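Listed in TrEMBL for this protein:
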TRANSMEM  21-44  transmembrane segment
TRANSMEM  56-74  transmembrane segment
TRANSMEM  95-115  transmembrane segment
TRANSMEM  127-145  transmembrane segment
TRANSMEM  157-181  transmembrane segment
TRANSMEM  187-208  transmembrane segment
């Protein structure tokens, strides 16, 4: 039996990663279909529209707050991983965590400060400005969760990505179903927030489980980052 070449191993790894991400997409699609059916039954057209408007506005703020940070972190950490410098990897992870934390806080404060304007822009009234203040936490948990997933992706921790994504999707679906069943439209805001919180908590669990070292030496870390 011939020994496997590096190219063969690379192809197998690529195929395995593709299948893993494909599995996540399939599960997400199936859950999205069931979620849509449940929302149609318990929320009706007006509730679905309300949910979509909240999500679309929050996603815009999330994208704006990240400033393309995900792509930059993936590129930087991937390059560092290729050099196999453990100390440099840990330092860049520290920087990534801090930058995602700043982005999360920025998105949160932005939503709180402009809650009335967001309500007016989205719903043509100020009736939902308190909902946006409450949903500012959605930005905090979502951006931090994306940060952890970005680090997983950069370090090629495919198993952590797959497992955390599946658990997040299932738990969020079950809780949302219970909320919609009991509280109907009143559960929309809480359902959106709980999904972000669950994603953050599950991702954090696997982040801690992976034993990735993070040291919050703010000034020192940022100085090192800027010197490069």
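Note: Cβ is positioned from N, Cα and C throughout, glycine not excepted.
Curation plays no part in TrEMBL annotations; they are all automatic predictions.
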Cβ pairs under 8 Å between the transmembrane segment (127-145) and the transmembrane segment (56-74), at least three:
yes
Could you give the residue numbers and ranges of same-chain residues that sit at least 6 residues beyond the transmembrane segment (56-74) on either side and whose C-beta is under 8 angstroms from one of its C-beta atoms?
96, 99-100, 103-104, 106-107, 110-111, 118, 121-122, 132, 135, 138-139, 142-143, 146-147, 150-151, 153-154, 192
